[in-house]
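Student: The following feature annotations were taken from Swiss-Prot:
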{"type": "BINDING", "residues": "Thr235, Ser236, Glu237, Glu289, Ser388", "note": "L-serine binding site"}
{"type": "BINDING", "residues": "Arg266, Ser267, Glu268, Glu353, Ile354, Ser355, Ser356", "note": "ATP binding site"}
Amino acid sequence: MLDIQLLRKDLDGVAKRLADRGYTLDVAAFSALEAERRAIQTRTEELQARRNSLSKQIGAMKGRGEDTSAVMAEVGGIGDEMKASAVKLDEIQARLSELMLEMPNVPHESVPVGRDETENVEVRRWGAPRQFDFDVKDHVDVGTPLGLDFETGAKLSGARFTVLRGPIARLHRALAQFMLDTHTQQHGYSETYTPYIVNPDVLYGTGQLPKFAEDMFRVEKGGAENTVTQYLISTSEISLTNTVRDSIVDASALPIKLTAHSPCFRSEAGSYGRDTRGMIRQHQFDKVEMVQIVAPEASYAALDEMVGHAEAILQTLELPYRVVALCTGDMGFSAAKTFDLEVWLPAQNTYREISSCSNTESFQARRMQARFRNAQGKPELVHTLNGSGLAVGRTLVAVLENYQNADGSVTVPVALRPYMGGVERIAAPSSAA
């Protein structure tokens, strides 16, 4: 959530910056609510001053033995008006809060201005795409003989679900373990296991609610009455970041660096017809997430570091990729600045997103009331960052396509072989060596 003082000081400036990311701030509605709020507060202060004055007057009158009934009646009327004003003020504050919760983050000044993904800016590339001397297959055709089973996934759960069997299931698990080991042993993250089901206030904290409720899977507890609806996490960013909600951490504890491997659940509302083939866009997929909670002055250095951590996974797997700075119109709701990593998929002859690393600055922290005690001993909002390190399913897709062989087998990347019992190649039973 944005700092409301920012809007009070420079409403037109904030409106312009939000317009850059495709959000139209209702300036008239905000201004009207603010004017009403100020009028009520001014009137309340006047009433308070009048009541204080009358209270002193009553004391003096009693000392002189005078009748105070008329003055006391006026004091009672003032009290009634102040109570009514307090109720009205609460209503206005609630409406302001609704407006603020719907507002996305303000883009950092370094973010390129653009309407959509076509105006993102490439920052760098790593690795040269492999030149194949045979017809390249996509991950569906490569993976199906190896245990990639969409038919059973659809039978069990419907479209956009997958069953993995045998060697391909093992390769998927190896990828997740490799990512976790790299982040914990080389990058300084603490491995964390969190619930996959969370309460609504947790989703308000990281910005999924109220705006993106249709993208979430809701769950209800069976056999219980009057229970609050809960949600399956769409990313473990949600649970990891909220571990510091409603708390004040010591400055000495920063940065807090957390990582988790979890399934993620997304309804993919609005994605009808997109990426219907294969594992690119699923309702359930695994991801290794990175989260950092840092002091404000350290957050942009932390963003660069986090991008580097995601890059290290791709480099170690020897998968070609590029880093892209997202433009204002393509950034996520909570982000002030985002870099995407896009991996090369030879069957599509293009780069596809495999990681997104974002600095939300104090946007999520304000919603969560996550603070630290600064050098002056005063509570101050932390900055929160999140990044995929990486999406496991999409990394599996990239390995299948980039490491495929003419005979239908797939070479196991060197970095994954210790997690595969030394296996160097996976193949369908009929073509296994």
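Every residue, even glycine, has its Cβ placed from backbone N, Cα and C.
How buried are these features, and what lies next to them?
Tutor: Counting every protein chain shown, 27 other Cβ atoms lie within 10 Å of the Cβ of Ser236 (L-serine binding site). In this structure, Ser236 (L-serine binding site) belongs to neither helix nor strand by DSSP; it is coil.
DSSP assigns Ser355 (ATP binding site) to a strand in the three-state reduction.
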Student: Should any of the binding-site residues Thr235, Ser236, Glu237, Ser388 have a Cα within 10 Å of the Cα of Ser356 (ATP binding site), which are they?
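Tutor: Matched binding-site residues: Ser388, sequence order.
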Student: Give me the non-local Cβ neighbours of Ser355 (ATP binding site): same chain, 6+ apart in sequence, Cβ-Cβ under 8 Å, ordered along the sequence.
Tutor: Ala310, Asp340, Leu341, Gly387, Ser388, Gly389, Leu390, Ala391
Student: Using all protein chains shown, find which of the binding-site residues Thr235, Ser267, Ser356, Ser388 scores highest when you count other CB atoms within 10 A of its CB.
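Tutor: Max Cβ neighbours within 10 Å, all protein chains included: Ser388.
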Student: So around the L-serine site, Thr235, Ser236, Glu237, Glu289, Ser388 aside, which residues have their CB within 8 A of the centroid of those CB atoms?
Tutor: Ile238, Leu240, Ala260, Ser262, Cys264, Lys287, Val288, Met290, Val291, Asn386, Gly387
Student: Here the binding-site residues are Glu237, Glu353; which one has the lowest number of other Cβ atoms no more than 10 Å from its Cβ?
Tutor: Glu353
